[in-house]
Every structure is written in structure tokens, then in C-alpha cells.
Amino acid sequence: MAAYLLAVAILFCIQGWPLGTVQGQVMPFMEVYRHSVCQTRETLVSILEEHPDEVSHIFRPSCVTALRCGGCCTDESLKCTATGKRSVGREIMRVDPHKGTSKTEVMQFTEHTDCECRPRSASGVNSRKHKRNPEEGEPRAKFPFV
């Protein structure tokens with residue numbers, strides 16, 4: 001992977017900026033690529049989706065930030081998946097609309113610590129791959145490995 005990134009960086013330097021663009025107005029390829037890869041990233045997580053048993057209360061804020069896996073894999077048969085997790089606390093305000101009371105408290109949320117591209121489940125993309133005729137061979141890799 002490092003060799004590929006180096007080769008792309010060298011190619012980009014040789015070719016220079018695309019005509020008609022000004023540095024700063026267009027995000028360079030390597031930066032776009034670096035931001036798109038499978039990695040942990042700050043994500044907004046709904047408190048009620050994370051704690052569905054708490055529907056009788058109102059929370060402020062209604063969502064919190066947590067690191068979650070996201071991004072693209074080099075093959076559509078792969079999915080960016082969490083390989084490490086931890087529990088983190090976030091201080092929120094719990095409002096009880098029936099009693100008209102509120103209090104701050106710490107709630108626990110799952111945060112991803114490590115991510116990697118792993119095969120998707122048997123449904124979707126992989127199921128198409130399994131139905132291929134053996135004479136067809138494997139599908140050709142898509143960009144950036146064309």
C-alpha cells in the first residue's frame with residue numbers, strides 16, 4: 001500500500017496541478033484518498049439509537065460524537081469493519097418530561113479503536129461473486145488498481 005501511495009504521489013508531482021485549477025480551490029488527489037480510506041472518524045451517534053430502551057426521556061444534546069469506522073475499501077466485496085472497540089463516557093442532560101426534571105449524567109457509548117476492510121456478508125456483493133461461472137474468472141480490480 002505504501003509503495004502504491006508513493007507511486008501515485010510521484011505521478012501527481014510529475015503531472016502537476018490540472019489546468020484551470022488553483023491550489024487551495026481543489027483538494028489534491030492524495031488528500032482526497034487519505035480522507036476516504038477505511039479508518040476511525042468522528043461520527044455523530046444518536047443517543048436513542050444507541051440506547052433504545054431510554055425512549056421515555058429526552059436527551060440534550062440528542063446525539064454525541066464517537067469514533068466509528070468509515071470509509072472506502074479498495075474492492076466492493078469488502079466493508080470497512082471495526083476490529084477493536086471500547087466504551088467511552090459522555091456527559092449529557094436527561095430530561096424527564098413527565099416530572100419536569102432534568103439532571104446531567106454520564107452515559108456509555110461504543111467507540112471504535114481499529115478498523116480494517118473485511119469481506120461483506122453472503123448477501124449483496126459476495127452473493128453475486130459466488131454465482132459466477134468458473135470460466136469467467138475473477139472480476140478485474142477497479143480503480144485505482146486498473
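Each residue, glycine too, has its Cβ placed from N, Cα and C.
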C115: disulphide-linked cysteine among C13, C63, C69 [source: Swiss-Prot]: C69
Of the candidates C63, C117, the one sharing a disulfide with C73 in Swiss-Prot: C117
Disulphide partner cysteine [Swiss-Prot] for C38, chosen from C72, C80: C80
From Q25, C38, C80, C115, the recorded positions whose CA lies within 10 Å of that of C73 (disulfide bond): C38, C80
Rounded distance in angstrom between the Cα atoms of C117 (disulfide bond) and C38 (disulfide bond): 7
Spatial neighbours of C38 (disulfide bond) among the recorded positions Q25, C69, C115 [C-alpha, 10 Å]: C69, C115
Integer Å distance between the CA atoms belonging to C80 (disulfide bond) and Q25 (pyrrolidone carboxylic acid): 29
